[in-house]
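Engineer: The structure that follows is given in the form of structure tokens.
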Amino acid sequence: MAKTIAYDEEARRGLERGLNALADAVKVTLGPKGRNVVLEKKWGAPTITNDGVSIAKEIELEDPYEKIGAELVKEVAKKTDDVAGDGTTTATVLAQALVREGLRNVAAGANPLGLKRGIEKAVEKVTETLLKSAKEVETKDQIAATAAISAGDQSIGDLIAEAMDKVGNEGVITVEESNTFGLQLELTEGMRFDKGYISGYFVTDAERQEAVLEDPFILLVSSKVSTVKDLLPLLEKVIQAGKPLLIIAEDVEGEALSTLVVNKIRGTFKSVAVKAPGFGDRRKAMLQDMAILTGGQVISEEVGLSLESADISLLGKARKVVVTKDETTIVEGAGDSDAIAGRVAQIRTEIENSDSDYDREKLQERLAKLAGGVAVIKAGAATEVELKERKHRIEDAVRNAKAAVEEGIVAGGGVALLHAIPALDELKLEGDEATGANIVRVALEAPLKQIAFNGGLEPGVVAEKVRNSPAGTGLNAATGEYEDLLKAGVADPVKVTRSALQNAASIAGLFLTTEAVVADKPEKAAAPAGDPTGGMGGMDF
């Protein structure tokens, strides 16, 4: 495909036009009085959202240079969303301000590399200041306030705070669509995984279609169980102990399954067989998690243990096990708390070292099952369009609340960034680097000014008033009052604020140091087929 090339100012201005087109669509959503954006979908109903990254993903521009500029800013929003779960609109507004001021200085003759170094040093200083000023999140109310700011709804904030209170900071909180109107919270005690009983004959509660085992032994096997002679010695010992048995194995089939079912129907012995979750190495790891949680051991040839020689001491224990056709829940496993803590620490290390989003997500799920629990928020709404928008807001708010617990909170509403400006005076920079720091100084006011503008206030007046206020005091755009924002519950996770700034600065540096842009040349649409003489081709008169 043929390429088109732009140089110098033409290249940079083309990229900036694309950035502005995207940023102008995104920034109208910033703050409590921000508006929504309607996104047309090729199929189905349109989506209504105020989420920066969702809007950014939908924008495709026609001009090749503008398209590249927009793609670069999409990367800012996506990276911020990946790291912090929120702050995508703030990141876009900061990127726009940094690029605008930066290009103005480049056009005036400043060295782009000097500006880039100055911007990087200034951002590092501001990040350090933000982290120092962050307050730890200690109360349920603080979590609720932070989540409510993200979702724009206090009831959502309260529900997320309750969910985190129940499952712990490491617990998994998932959001599901509900057929009923409103919000509901469902909690899962202990470890739950998505595998149910192998045979319906194991059911103990016909009405609920559940198999419930009280105080059972738990047999964990890494291979298939098919012959009854392998299982019999252990079964006899369990029957003598007078307890039910849960078997979790790669599969239970043939004679072994028949024997268990027949004994269950006759009332001789209560048991349930379940397939182990996952595949390959992940299955082995999850079985090991269950072994540590229940105080048992995985029967595996790899560690020199076989089923026929297994002893009752290798079995795990739990207070209760509930098995449905789709899932199994182990409540209060009898594992050693130190061993569980060690396993949790090991999984945390694996999460930090993993560079795959999918692996990280699966490790996080394992961590939650061991360390906390699982909470499901069920969201309902009057229409499908509203339901999707609400679900998305709740998911963002959950990640926001977790980010707040992780690194602490700072004053929201763009105030923390503006109040970090004096820290730049400590930098002793000269020449173009000093100019780069001044670009950051101007850009740090942009989020507050945009929030004020969206709230119908004069941005310059608001910025001046906040600049002269004590640290942490600023505009509460929801009420129009100037107050201590942390006390008023207007807080942002510092992780969100710093990620937005760092990612915006990264892309701004690329914009400023760009000297040429190579893009695909737009193809001209082919003329419709027809008779070149103007008649109807192929017709005979």
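From the backbone N, Cα and C atoms, a Cβ is placed for every residue, glycine too.
Small disclaimer: the values here were computed from a predicted structure and weren't measured.
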Engineer: If Swiss-Prot says Thr29, Leu30, Gly31, Pro32, Asp86, Gly87, Thr88, Thr89, Thr90, Asn476, Ala477, Ala478, Asp492 bind ATP, which of Gly118, Gly413, Gly431, Gly436 does it name for the same site?
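Structural biologist: Within the candidate list, Swiss-Prot flags Gly413.
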Engineer: Looking only at Thr29, Thr88, Asn476, which of these binding-site residues has the biggest number of Cβ atoms within 10 Å around its Cβ?
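Structural biologist: Counting Cβ neighbours within 10 Å, the top one is Thr88.
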Engineer: Taking the residues the record says bind ATP (Thr29, Leu30, Gly31, Pro32, Asp86, Gly87, Thr88, Thr89, Thr90, Gly413, Asn476, Ala477, Ala478, Asp492), how far apart in Å are the two Cα atoms that sit farthest from each other?
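Structural biologist: Taking every pair of listed residues, the largest Cα separation comes to 20 Å.
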Engineer: CB neighbours of Asp86 (ATP binding site) within 10 A?
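Structural biologist: Cβ-Cβ neighbours of Asp86 (ATP binding site) within 10 Å number 33.
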Engineer: Can you count the other CB atoms that lie within 10 A of the CB of Ala478 (ATP binding site)?
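Structural biologist: A count of 16.
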Engineer: Specify the count of other C-beta atoms within 10 Å of the C-beta of Gly31 (ATP binding site).
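Structural biologist: Taking every protein chain into account, the count is 27.
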